[in-house]
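First the structure, in the form of structure tokens, and then the observations on it.
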Amino acid sequence: MTDATRDPGFFTQSLSERDPELFGAITDELGRQRDEIELIASENIVSAAVMEAQGSVLTNKYAEGYPGRRYYGGCQYVDVAENLAIDRAKQLFNCEFANVQPNSGSQANQGVFQAILKPGDTILGMDLASGGHLTHGAAPNQSGKWFNAVHYGVRESDCLIDYDQVQALATEHQPKLIIAGGSAIPRQIDFAKFREIADSVGAYLLVDMAHFAGLVAAGEHPSPFPHADVATTTTHKTLRGPRGGMILTNNPDLAKKFNSAIFPGIQGGPLMHVIAGKAAAFGEALKPEFKSYQKQVRANAVALADELIKGGLDIVTGGTDTHVMLVDLRPKGVTGNIVDKALGRAHITTNKNGIPFDPEKPTVTSGIRLGTPAGTTRGFGEEEFREIARLIVEVVDGLAANGEDGNAAVEEAVRGKVAALCGRFPLYPNL
């Protein structure tokens, strides 16, 4: 590029100068995050350091392969970043092998399937309606199209995992892989029981700990090891890192298969800037403050659930052992889709969610899913989450009394209280 063709602002102009339209959207999103309460259980707020790593010059570097075994030159420094992420992940989860290249939790699961399954093999995972995940064999997902997917659920009496059903289905269908974990499981999972069931039929055991990995790392939730053959996770959610995935194992033979399954199996060049963000987040998670944070995540979840129950709502399983809960709205006579939108107008962000044995359609639902990681990162404690619960009840009671079209005054009043609460706990003051 000659001086005549070199863009004079390419290396110096800010996004606001080069692309005001895009900058405006990002600025609006920053405002939303600052001014609204984030209760989506799968979301969190990363540190300025993680954002700096992810926005670094590592985004320029192609690095197909693994540290020390790349297909491109000039990888000596990205190797340092990836090795930091790997070593820190192994230390966090007390395991022997970690692949930090998956671009998402879904791709981490896909990598495991690629490594140990063939099309048509039987897998046994949790039913989506009971709290499982799309990648555990749901019909619309690739995992449900490529494999013979069988699903277990929860007991109707208490909405806890039906381990007797898991054993019966495993005995009947002889799966090659059993999956424990999901996207809406508020209680701890008995990994030893899953291991016993897997051993009884000669199956691999995969623990998908995408939602509770941060709790595991901090000792606030039982570890899947030594029971699991392999564990997968996202690196955001409770781990509070950039959006991405990871595969962990103690089995050296499986580790080689997982590495080959990710590259060259399902991915090409890894996202080195994201891996740098993972390394930064894992470094934060190794500090004592992270243990205190995760302890507060759980305490806040207990407080939120307790106050919602006091307000006349039901919590599936009666409470939570983790960061997440499912709120049953049926006692108030309203549905998840209506409540989700009303809370959004009040600047409380949630998602509608089916509950076990839900009589409503998936687009309607009888519940909403709530989580405490993002609010806890912001600095909210138990008293703030009790206040948030009361605000949720205020909106829901308003809907029940006034209907969706007549609830504007209630939502406006709650929106003002949300603004006051968020103002006490500001986000990203330097942005």
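Glycine is treated like the rest: Cβ placed from N, Cα and C.
These features come from Swiss-Prot:
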| type | residues | note |
| --- | --- | --- |
| BINDING | LEU128, GLY132, HIS133, LEU134 | (6S)-5,6,7,8-tetrahydrofolate binding site |
| MOD_RES | LYS237 | N6-(pyridoxal phosphate)lysine |
| SITE | HIS236 | site 'Plays an important role in substrate specificity' |
Within 10 Å of the Cβ of HIS236 (site 'Plays an important role in substrate specificity'), how many other Cβ atoms are there?
27
State the three-class DSSP label for the residue listed as 'N6-(pyridoxal phosphate)lysine', counting H, G and I as helix, E and B as strand, and everything else as coil.
helix
Around the (6S)-5,6,7,8-tetrahydrofolate site recorded as LEU128, GLY132, HIS133, LEU134, what other same-chain residues have a C-beta within 8 angstroms of the site's C-beta center?
GLY125, MET126, ASP127, THR135, HIS136, GLY137, ALA138, ASN141, GLY182, SER183
So, in DSSP terms, is HIS133 ((6S)-5,6,7,8-tetrahydrofolate binding site) helix, strand, or coil?
coil
Including all protein chains shown, what's the count of other C-beta atoms within 10 A of the C-beta of the residue listed as 'N6-(pyridoxal phosphate)lysine'?
28
Work through the binding-site residues one by one (LEU128, LEU134) and point out the residue whose CB has the fewest other CB atoms within 10 angstroms.
LEU134
Quick one: give me the count of other CB atoms within 10 A of the CB of GLY132 ((6S)-5,6,7,8-tetrahydrofolate binding site).
24
What are the sequence-distant neighbours of HIS133 ((6S)-5,6,7,8-tetrahydrofolate binding site), meaning same chain, six or more residues apart, C-beta distance under 8 angstroms?
GLY125, MET126, GLY181, GLY182, SER183, ASP208, ALA210
Could you state the CA-to-CA distance between GLY132 ((6S)-5,6,7,8-tetrahydrofolate binding site) and the residue listed as 'N6-(pyridoxal phosphate)lysine' to the nearest Å?
16
Taking DSSP as the reference, which of helix, strand or coil describes LEU128 ((6S)-5,6,7,8-tetrahydrofolate binding site)?
helix
